[in-house]
Structures are given as C-alpha cells and as structure tokens.
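Take a look at the structure set out below.
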Amino acid sequence: MSIENSKEAALTAELSLAGAFFYTPECPDIEHLRSLSVANRWLDTDLPISDDLKDVAKLTPAEREFYRFLFAFLSAADDLVNLNLGDLSALFTQKDILHYYIEQESIEVTHSRVYSAIQLMLFGNDAAARARYVASIIGDAAIGRKVAWLQAKVRECGSVAEKYILMILIEGLFFASSFASIAYLRTHNLFVVTCQSNDLISRDEAIHTRASCCIYNNYLGGFEKPEPKRIYELFSEAVNIECEFLLSHAPQYSHLLDIGAIISYVRYSADRLLGEIGLSPLFNAPKPSPSFPLAFMTVEKHTNFFERRSTAYSGTLINDL
C-alpha cells in the first residue's frame, strides 16, 4: 500500500471512529418515521378512559367476555414486542435506526398503560376481578398458540432478515383483528374514548410496521434474506393463527361485529405487507369496503376527536396493519 493510500485509510478509520460520537444522518426513511412518531406523541393521561365505564353494561355477556379477552392479549403483547426491540436495535450502528427504536419503545409504554386502564374499566374498576381473570386467561389456547408460534419461529430463525419478517408479522398482523374488533364499537357509538385510543395506537403500529419494512428492504444488506417460499409460509401460518384467535372468542350472536369482514381484512393486510417487501399477494383478498371501520385509517391530521384536548396527528402514512 502506498503512503498516500495508507494515509487515506487511516483518515477514513479516524472519521469512522469519530462518527460514533455525534449524530450524522444516514437513513432518511427511518429518520422521517422517527420524526413522524415524535410529532404524533401522546400520553395515556390524555384519554379519560373512565368516561367509557357507562358503556360496559351495554355489552352482552358474550361481547363483554370477548373484549376482556382482547385487552388481556393486547396488554401482554406490547411487552413481547418491547423485548424483541431491545434485541434488534443492538444490530445497528446507524444512529437514525437506534434513535427510531428508542422512540418506538417509548410509545409502546404508553400503549401498555392505556390497555391496562381499558382492561380495568371493563371489569368495573375491580382490580381483584381483573387479576383473577388474567390469571385464568393467560393460559388460553388462542393466546398460547400465538406466543408458542412466535417463540418457535424465533428459535428457527436462520438469519436476522427472517427475524425482521417476524417483526413485520407481529406489528402488522398479530394486532389486526383486535384493532378491527375495537373499531366496530365506534359504529355503534360505544366506548368513544377507547376507540380514540385505538385510532392512535393503530396509527403508531402503522409507523412501526413501515419502519420494519424499510429496515428489511434497505438496511440488511449484510444478511441473507429468506427465500420467498419461506416468507409465504410464515405469512400463511400467521394469518391462520390470527383468524383462529379471533374466532376462538368472537361472540356467535352479536350485532356489533362482522367477523367475515375482519377475517378478510386480516388477509388483505397480509397481502399489503407482502407488497411492502416486494412480493406478490398470497390471498388476493379484496380491499375492505368503505363501511369497514379501519378501511381508511391513515396517519394524518385529526384534531379534537371529542373536544377535550387537541390530539392532532401528523403525516400521511398509510396504515400497514
């Protein structure tokens, strides 16, 4: 190596080392999503969940059991996602990605607190009754199947890229039927504040899903990506698990829900996610009708949902759930 080349290599190494101690823009797409998430910050204290207590009595016993089940799962699911985030963020040196994950973990804490408050409200603020229910439902087969499937697939992961496919499935599919089921309450003017929180959380998860897709597409160059056959296999299994999860506790006779429409939405969501990572659709599910509560969910500006506090939401990100 010539003296000139040696000096250039030394300078490059020096600059690289120095770059570890200050922020340099490297990932414009991820930085955009981080900035969007910051602009959309909200707090669990923004939402007076107790205002919805009056609507609990308006549910049938089967409907009440169904929503208690959903929120028991959702309360636990955010902890599962946070555990995975801590593992994934250590893979990157780009500060844009590290900063994004810090922001995501922060909002997941808000989600967890809101879910806990809604869950307690569904038990008439009886903490002991809630605790007994959670202790009995935590071993439910439908929840257990989701967790067992995810744990098994993490153990089987042949690459970091495949783990990102799992993150896309967690964030984009494993909440889809729950979000849709909660959104149906809005169509009957029930649980207004709970539906408000569902709007905000589902939009946050849209950002998280988009970020996972961006990282998978653009920042895993050093990792071998799974074959399309493997990705389709994972998507197919995840959709089946999500649909069975819904059917396992959905009330058989309820005017609140359209179970068929929710299942179609889950499949449509899977096809959209496949498109985000450059693959053809698997289910060819139709786009939800305009009457579907989540059909036009976007991360766009909405102010004063119920005239208590401005909860303006910025951006134009399409929901990838």
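Going from the start of the chain as shown, residues are counted 1 onward.
Cβ coordinates come from backbone N, Cα and C, glycine included.
The Fe cation 1 binding site feature in Swiss-Prot is assigned to Asp78, Glu108, His111.
Sequence annotations record features per position, and here Swiss-Prot assigns Fe cation 2 binding site to Glu108, Glu171, Glu205, His208. In the three-state DSSP scheme, Glu171 (Fe cation 2 binding site) is classed as helix.
Positions annotated as active site by Swiss-Prot, on the basis of sequence analysis: Tyr115. Packing around Tyr115 (active site) is summarised by its Cβ count: 22 other Cβ atoms lie within 10 angstroms of its Cβ, all protein chains included. The DSSP secondary structure for Tyr115 (active site) is helix.
Positions annotated as transmembrane segment by Swiss-Prot, on the basis of sequence analysis: 165-185. Packing against the transmembrane segment (165-185) from elsewhere in the chain are residues 66-67, 70, 73-74, 77, 80-81, 84, 88, 146, 150, 153-154, 157, 191, 194-195, 198, 201-202, 205, 208-209, 212-213, 216, 226, 231, 234-235, 238-239, 241-243, 245-246, 250, 256-258, 261-263, 265-266, 269-270, 273, 276-277, 292-294, 320-321: each is 6 or more residues past its ends and has a CB under 8 Å from a CB in it.
In the structure as shown, the Cβ atom of Glu205 (Fe cation 2 binding site) sits within 10 Å of 26 other Cβ atoms. Most Cβ neighbours within 10 Å among the binding-site residues His111, His208: this distinction goes to His208. For His208 (Fe cation 2 binding site), the nearest of the recorded positions by C-alpha distance turns out to be Glu108; the candidates were Glu108, His111, Tyr115. Neighbour counts of Cβ atoms within 10 Å were compared across the binding-site residues Glu108, Glu171; the minimum falls on Glu108. Note on proximity: of the binding-site residues Glu108, Glu171, Glu205, the one nearest Tyr115 (active site) is Glu108, by Cα distance.
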